[in-house]
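Peer 1: Residues or ranges marked as transmembrane segment in TrEMBL: A:21-39, A:75-96, A:129-155, A:175-196, A:203-221, A:256-275.
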Amino acid sequence: MGTRVMLAVVARELKANAKAFLVWAVAIALFNVAGVMKFEGIASGDPEAVRKLTDAFPKVALAVMGISDLDMSTFAGYYAVLEFYAGIMAAVYAVALARNAVSREMVDGTYEFLFVRPVTRTRILTAKLVAALVCAVAFVAVNLVSSLLCLGLLWDVPGLSGGSGPNPAAVVWRFNVWLMALLLVFGAIGACASAVCPSPDRGAAIGNASVVVAYGMGVVYDMFSDHEAAVAARVLSPFRYATPADVIAGSVPVPFVALAAGLAVAGFAVAYVAFDRRDLVPR
Amino acid sequence: MNVYLFELKAQLRGFLAGVITLIGVAVVFLYGAYPIYRDSKADVQHMIDGFPPQFAALFGVNKDVFSFGGFYRFSSLYFMLIVAIMACGWGLSIFGREKRSKAVDFLFVMPASRIRLYAAKLAAGLTLTIAAGVLFLGTVALIYAQFGDDPTATSIPLSRLLLAACSLFGIGVLFLSFGALTAVLLRRIRSVSGIATAFGVLGFMLVSLPEMTGEEKYRVISPFTWFNVSEALDHGSYEAGYAGLAAAVAVLCLTGAAAVYARADARGL
């Protein structure tokens with residue numbers, strides 16, 4: 001009985017999410033086509049000289065320019081910059097998905113129709129979050145597949161295969177794992193904010209602000225990553241829990257991955273508790 | 001006039017939050033980070049002396065690169081992002097207010113034509129955008145004055161710097177018009193901040209396309225690059241073609257929104 005209702009909720013949520021998903025999926029796929037396809041390897045000049053010059057610039061300036069610690073002449077470095085933008089987009093999408101899962105009926109004023117279903121609120125939220133998760137996974141899948149397809153068309157670019165760096169396809173996979181983790185962390189933050197705030201507007205604003213703040217803190221971390229104190233900025237920026245260099249190398253910074261997992265679990269747990277107790281105030 | 005004042009008042013909190021963020025980021029970047037950057041001049045200069053001059057030019061390293069304006073060039077993207085999110089949010093919020101509170105009928109029974117109502121709302125949005133821009137220009141000028149006696153910092157004059165900062169007016173009006181058009185077209189606006197952040201982030205992402213690929217033609221789909229801050233800093237002007245494109249798109253969105261607003265059905269509860 002309960003399962004049938006839950007499936008119905010999942011199906012309804014998926015349908016309601018479909019239009020927005022299409023827009024996001026097309027945007028990310030086009031971004032990849034336009035970006036990945038254009039990788040030309042070492043476009044001009046001597047890579048050694050480029051590296052020396054970037055070393056001479058202070059980190060502050062490189063971070064503001066968005067290219068700290070990355071070698072743009074390799075596919076991995078180039079893809080890392082592209083995926084950073086994809087990451088911001090994924091974070092915004094995650095917050096939107098979570099907000100819709102937690103507060104859609106509150107905003108529409110149709111909670112009564114949902115809560116007369118003969119299932120607990122916990123089950124309702126589970127069904128809605130499952131639907132959101134399906135969309136998130138599909139979003140990453142679109143990103144992964146479009147990246148790999150474009151990569152497949154790049155076979156004639158010099159310096160792509162062979163050489164010392166990691167295998168490009170492996171780099172693509174790793175960045176997509178990173179993307180999925182980002183979606184979960186920001187989904188948890190968004191769900192938590194939406195469930196705790198009595199006003200859906202406020203909850204959504206807090207979720208979106210967290211993405212912008214996390215992004216800003218990521219830039220600050222890049223600026224001062226030589227300093228010990230920069231760890232504070234890193235803690236505030238899920239975008240930097242695994243740095244691009246970590247992702248490219250496939251190394252796992254254990255404390256920060258644990259922090260990400262903790263955030264995700266705590267965020268969703270608080271969301272469940274708050275959702276269960278929330279008052280259905282008419283707006 | 002009532003509608004105009006009402007909207008200004010209703011937006012006041014959002015306006016203050018946005019402007020404080022914008023000015024805060026400007027202070028952190030231009031006042032906090034710039035001196036660190038400038039002080040590395042000697043190291044980089046030393047490095048560049050070892051290269052052939054064409055090479056340094058290829059990397060945009062010229063005499064201005066360590067000036068205040070040169071640093072503004074790198075930071076301008078972040079200011080544009082904040083203004084874009086903010087202005088798009090104002091557009092959505094102002095033009096979607098009655099739709100969101102399900103009170104469209106209360107507004108439309110007022111003894112004023114819909115076009116008048118639209119104009120009043122638009123005037124409120126433009127006022128906010130211009131006010132934010134003026135406050136930002138003031139902040140930039142004040143910070144610039146702090147470095148006034150340093151020849152390295154001032155090798156790009158204040159007038160050009162302010163012209164470059166004026167790009168924020170353009171971005172503001174453009175994204176205000178995106179917000180307005182979205183608000184009148186959508187049947188239901190679930191989250192102002194969500195849509196506004198999506199627009200801003202999308203605009204920000206699109207900058208990377210022409211920049212990373214070197215394809216000039218991608219600039220057409222990348223609104224942030226329509227206002228070429230580098231041109232303003234180096235030559236004291238914007239590119240007429242792209243500025244015209246921006247104006248055309250903004251006018252198109254705003255007239256389109258007006259047409260829909262004037263004729264759309266007022267949905268009941």
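Heads up, the Cβ atoms here are built off N, Cα and C, so glycines get one too.
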Peer 1: Would you call the transmembrane segment (A:75-96) and the transmembrane segment (A:203-221) in contact, using three or more Cβ pairs under 8 Å, pairs 6 or more apart in sequence?
Peer 2: yes
Peer 1: With Cβ distances under 8 Å as the criterion, find the stretch in A:21-39, A:129-155, A:175-196 that has the most pairs with the transmembrane segment (A:256-275).
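Peer 2: Stretch with maximum Cβ contacts: A:175-196.
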Peer 1: Would you mind listing the long-range same-chain contacts of the transmembrane segment (A:21-39), meaning Cβ under 8 Å and 6+ residues beyond its ends?
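Peer 2: Counting only partners 6 or more residues beyond its ends, the transmembrane segment (A:21-39) has Cβ contacts under 8 Å with 75, 78-79, 82, 85-86, 89, 93, 135, 138-139, 142-143, 146-147, 150-151, 153-154, 157, 160.
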